[in-house]
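Asks: My questions will all concern the structure given below.
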Amino acid sequence: MDLFNSALGKNITFVRPAYFIVRGFIGIPNVEYYYIFLLFVYIVSVLGNTSVMALIYLDHNLRTAKYVAVFNLAFVDLLGSTVLVPKVIDIFLFNHYNVPYNECLTFLFFCFTCLSMQALNLVVLCYDRLVAIMFPLHYQVRVTPKIMLSIILFSWLFVIAAVLIAVGLLTRLSFCDSLVINSYFCDHGPIYKLACNDNTPNLIIGNLLIAIILWIPLVIIMSSYVCIGQTLIRISTPQERVKAFKTCTAHLSLVAIYFIPILITFTMRANIHPNARIINLSLTSVFPPMLNPIIYVLQTQEIRASLRKLFKIRRQSRVIWK
């Protein structure tokens, strides 16, 4: 089977439509209120992630390897929400359901890149916790800002390459019949299923990316926490165990919020109703970016201390000016 027919010099004409039609929810009255809700969540997400990024940038005590990963997570959350929500609002609240072909593929690329990068960033944060608890004496050597930046850069390059392959395979599809995408954005699965020529390569890359970017990161994270749990059991006092475990609670919360709804969606696949798929994917896309800053502020001692210091400096400056 030829994966890229056009690359082999064959005289094949692909039928590429001028636009796709993004359907959204099916048969739900007053659905515009849901998109207004997404807009509210987006605004909170922008404020929260911008604040976390600014705090890490301004406080030199947060210029550590761990907060390099936290900064990247906030950046990915901010970028992903900004790519998705304003376009969804434009489509469904302003009735611009027809999305041009090239614009749709670009929309797909950025949405899936950010969604995939969130999963890999959780693996990076897991690596930080694993080394900190299992090898505390080697932490300063094994987890440096330079090493963390290298891991994050590799993750970005890997995700971009993987999503580009998926998008490239979509360009070899012909669309002869329906152009209606049964999703709330230019979704990979609903698009390639509309094709009237062989879409087997798209099915393969879709399943492969689900395994590489969702299942494998989840297995790595769960395996890491099994190792962390075994290490905590060997710690002498219960107080030390609780103290060490508390450093993992923020990360575990992020893992649960991200993976549970998206794994339900991609595990059920064809058995999930289009409306349920839309709800699961949209909440996975907007809720973690909104909750991640809140979780890190509430559960991370360094960020709380940095906030208190920042507010103290502001109060002192106000007193001086008065």
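Backbone N, Cα and C define each Cβ position, glycine as well.
Taken from TrEMBL, the feature transmembrane segment applies to 33-58, 65-85, 105-127, 147-170, 204-228, 249-272, 278-298. Annotation source TrEMBL lists domain 'G-protein coupled receptors family 1 profile' at 48-296.
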Asks: Counting a contact as 3 or more Cβ pairs under 8 Å, with residues at least 6 apart in sequence, do the transmembrane segment (65-85) and the transmembrane segment (278-298) touch?
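Replies: Stretch pair touches.
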Asks: Between the transmembrane segment (278-298) and the transmembrane segment (33-58), are there at least three Cβ pairs closer than 8 Å, leaving out pairs fewer than 6 positions apart?
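Replies: Contact between the transmembrane segment (33-58) and the transmembrane segment (278-298): present, because at least 3 Cβ pairs are under 8 Å.
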Asks: May I ask which of the stretches 33-58, 105-127, 147-170 has the most CB pairs under 8 A with the transmembrane segment (249-272)?
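Replies: Going through each listed stretch, the top one turns out to be 105-127.
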Asks: What residues in the same chain, six or more past the boundaries of the transmembrane segment (147-170), come closer than 8 Å to it by Cβ-Cβ distance?
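Replies: Residues packing against the transmembrane segment (147-170) from afar: 3-4, 65-66, 68-69, 72, 105, 108-109, 112-113, 116-117, 120-121, 123-124, 127-128, 188, 191-192, 201-202, 205-206, 209, 212-213.
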Asks: Taking residues 6+ outside the transmembrane segment (105-127), which of them lie with a CB under 8 Å of any CB in it?
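Replies: For the transmembrane segment (105-127), the far contacts come to 66, 69-70, 72-73, 76-77, 79-80, 83-84, 87, 99, 143, 148, 151-152, 155-156, 158-160, 162-164, 166-167, 170-171, 185-188, 191, 209, 213-214, 217-218, 220-221, 224-225, 251, 254-255, 258-259, 262, 284-285, 288.
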Asks: How does the model score the domain 'G-protein coupled receptors family 1 profile' (48-296) in terms of mean pLDDT?
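Replies: Averaged over the domain 'G-protein coupled receptors family 1 profile' (48-296), per-residue pLDDT gives 91.
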